[in-house]
């Protein structure tokens, strides 16, 4: 036997190079993770875990849509000893000074309770009183205080404890999310190989994923996006691995039941599988319409019987965690459809977002590959026993389910982070399209390696400007000696946990606690809004009529930026996010004119 026969194969070399690339990209992101800017939808995770159950009660009342409690009953509930305990804890935690405003808000929250949210309020109170390990409480804390997942809460809880500082938590948590981002890239490569895609094409698809601006940016975010992506890949890996085996339905039920704790929208993937199986089982039935209907019903019942574990998990999630009315994000019309489609495709595949002509070029390349993938899905004959056949069927069913949900205003066709839940499918479609091109034109390995090398170079050229653009600009200092307090205006209280080390108190503004003193000097800092807009909004939020405080602005500054977690968006609002901006204003509260 020749000594050369023991050398690694070409596939092994490609896999090793791809791993080195992924680890290199991961290392760059890890070194930047504490310097990357954050937004409230990310930092709120710390608030949810470390101040349980107060944020859970607040969020539960926010999503409630009912009226099982009258105003009179709410007033009496407010006097219950246990309720007084929680409201006292809330007032202490958030330094509530306007008790009348606070009580009015509590009464309003109680009158919004429906049976499900009333049940959740009860079990949140019960769980908060049981001496459970921090990671177990985190399992309940995160999904009841935000639109995020119990599985994510469990993982974040395992990485921290009740006394973990904000800075330490964010460092550990972003390390976890960046690991999940990197794992997603590896899963993309593995699934591609499972579907018969050649190693170089799988590596090229994985490289596209590694350098997608929107994808890797959400690797720094603690919200649902990266969990949606990695769990989608995990579900598809189980799908292609066990397709056409006797264990397929059992494995899919088990995988779906586990993954739904990390991704509620996996039910959309599962529904697509349901439709595909029914279509496959009833296809070619030659009987009359009634007979075919009976065949469809029988196929559906047989499938559901195998999926009892997944169905039980759906019911559990719906009862204990899923926030009602939180799926639909954004609206679409015929006028906005082209622009939204343009931004959506770029958010999946865009490398570089600072040049208009480059955006158009990236869109054209990605769009062409998706067209090739669509042609391959509907025209290419594939062995029904192959994973690629099954993937093709589920993708068609998935887009059908998605179209119905968009038409029913359950989901939206909108260029926000929420649509990135379909990233696994989109990147695998591109991998299939590239494979179809390779099969048709038969380029040499040298050509494919050259394409891969060009992508890697372009990826790194785009990565470092993005790192510079996302360097956190949200900073308080320096603070002048005459400033009594710093007020931060943003959506979450989590900024209040950060060690600012500026020598004066720092308070996150809440309508029920915002009470600046007359003739005192303050500093206003915000990532999201200038001071005049913030004060007007605060006055509007109060239950009683109120006017924005009269102020004299001593100095004001604005550090602009259009860098958002989302790489491409049609407005400066970042679409349910916050840009990397900084508003500062030094001001004095003037006496009232009354």
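From the backbone N, Cα and C atoms, a Cβ is placed for every residue, glycine too.
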Among 197-218, 329-350, 483-504, TrEMBL lists transmembrane segment at 197-218
In TrEMBL, of the candidate ranges 102-121, 122-141, 142-161, the one given as transmembrane segment runs 142-161
Transmembrane segment per TrEMBL, picked from 255-279, 505-529, is residues 255-279
Tertiary contacts of the transmembrane segment (356-378), defined by C-beta under 8 angstroms and 6+ residue spacing from its ends, are 342, 345-346, 348-350, 392, 395-396, 426, 429-430, 432-434, 436-437, 568
Q) With an 8 Å cut-off on Cβ pairs and a sequence gap of 6 or more, do the transmembrane segment (390-412) and the transmembrane segment (225-243) reach 3 or more such pairs? A) yes
Maximum Cβ pairs under 8 Å to the transmembrane segment (225-243) among 142-161, 173-191, 197-218, 300-322, 446-464 is reached by 173-191
Counting only pairs at least 6 apart in sequence, do the transmembrane segment (197-218) and the transmembrane segment (446-464) share 3+ Cβ pairs under 8 Å? yes
